[in-house]
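Contents: one structure, followed by commentary.
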Amino acid sequence: MSANDRPTGPPTATRDSAFLKACRREPVPHTPVWFMRQAGRSLPEYRKAREGTGMLESCMRPDLVTEITLQPVRRHRVDAAIYFSDIVVPLKAIGVDLDIKPGVGPVVERPIRSRADLDRLRPLEPADVAYVAEAVGMLTGELGGTPLIGFAGAPFTLASYLVEGGPSKNHEHTKALMYGDPQLWADLLDRLAEITAAFLRVQIEAGASAVQLFDSWAGALRPRDYRESVLPASAKVFDAVAEYGVPRIHFGVGTGELLGLMATAGADVVGADWRVPLDEAARRIGPGHAVQGNLDPAVLFAPREAVEEQAAQVLEAARDVHGHIFNLGHGVLPDTDPDALTRLVAYVHEATGR
Ligand code: CP3
């Protein structure tokens, strides 16, 4: 698509939505709510739609992607949809031999640990993910005024899966590469930044009205390592999509010590997990950013009154934050009662409605 064909931005109803207003730090009619991993295993209709279809195969079917993305919007009345996919989809699309194993996560057949391995990571062309553009187009038609959030994995989190060969608690091979061969590491992250940027561009050009960069595992790093070895690649991604003017969200787990640095990477909105109170998170993030978060997802297993008490504490901590987007501190846990999520959305809307 040439610059002239680019959509001129979302329709007015979407642009004026509480979610996009909060991202821009404008006054809102109520605090907007969405949940990371809102589309997924907590919903019986999701399990039914996915029956007999593998995770990666589902991500390549625009009809399934559209249905699954819409499910939580219909059920919970959340203020934004998140595109149903996975952070490893662009890697699969360029031919990395990976699969998503149920209950495990992404598994890579041949991990990337040498210069020769790196050569296997070719650039992502829009044609590699034509089904993504198709599904985003279908979705924006169906969603009306509800914004669609596109997303991608950040270079460090993608690198962790590629270097470890699967999910990892300690990221030992990843860190061995980062400390042991800084040049190869920098080249790997730079290549991943280009792939990620290309993947986000496809989603934005097809109509996504915000994007989130998931650096889920960045919290495993010291600030100095994050700043020197990771931040430049994430900043490159944010920079590459700045021209579109859609809000960019940045999130990771256990990133209390990194929030200030993450804010400098270029996002408009920074997400925090539940370990840092939201007012303290906002202080660390610094002025000029909206803040997203941060109810502990495990709280949803408590009785309704306790959930509302904990949600009220998040809202109280967010009182002086200009631009608060209510979310969980990480994704919805698979065994969460969907009704607890629906009630939480209604609670936040009522408690903050003006
Ligand atoms: O948020 C949404 O509702 C949109 C869908 C979404 C998925 N993955 C679907 C999915 C999003 C935004 C992601 C991002 C993702 N994927 C991240 C970043 C967010 C985070 O949780 O920190 C990460 C680290 C991954 C990698 C990944 N993929 C993991 C850890 C898993 C879970 C493994 C498991 O089964 O416990 C997956 C698989 C996955 N991605 C599922 C879904 C719905 C489960 C697949 C299934 O239903 O079997």
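Cβ atoms here come from the backbone N, Cα and C positions, even for glycine.
Quick look at what TrEMBL annotates:
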BINDING   Arg37, Gln38, Ala39, Gly40, Arg41, Asp86, Tyr161, Ser216, His330  substrate binding site
DOMAIN    32-41  domain 'Uroporphyrinogen decarboxylase (URO-D)'
DOMAIN    149-165  domain 'Uroporphyrinogen decarboxylase (URO-D)'
SITE      Asp86  site 'Transition state stabilizer'
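Taking the features listed in TrEMBL, we show where each one sits on the structure.
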residue : record                             : Cβ contacts under 8 Å, 6 or more apart
Arg37   : substrate binding site             : Gly331, Val332
Ala39   : substrate binding site             : Tyr46, Ile68, Thr69, Gln71, Pro72, Ala81, Ile82, Phe84
Arg41   : substrate binding site             : Arg47, Pro334
Asp86   : site 'Transition state stabilizer' : Met55, Leu56, Cys59, Ile100, Pro106
Tyr161  : substrate binding site             : Ile87, Val88, Leu91, Leu98, Gly105, Pro106, Val108, Gly153, Pro167
His330  : substrate binding site             : Met36, Ser216, Val253, Asp273, Trp274, Pro297
Please list, in sequence order, those binding-site residues from Arg37, Ala39, Tyr161 with the Cβ less than 6 Å from ligand 1. Arg37, Ala39
Sort Tyr161 (substrate binding site) into helix, strand or coil using the DSSP assignment. helix
What is the number of residues in the domain 'Uroporphyrinogen decarboxylase (URO-D)' (32-41) that are helix, strand and coil, as DSSP sees it? 0 helix, 1 strand, 9 coil
Quick one: average pLDDT across the domain 'Uroporphyrinogen decarboxylase (URO-D)' (149-165), no decimals. 98
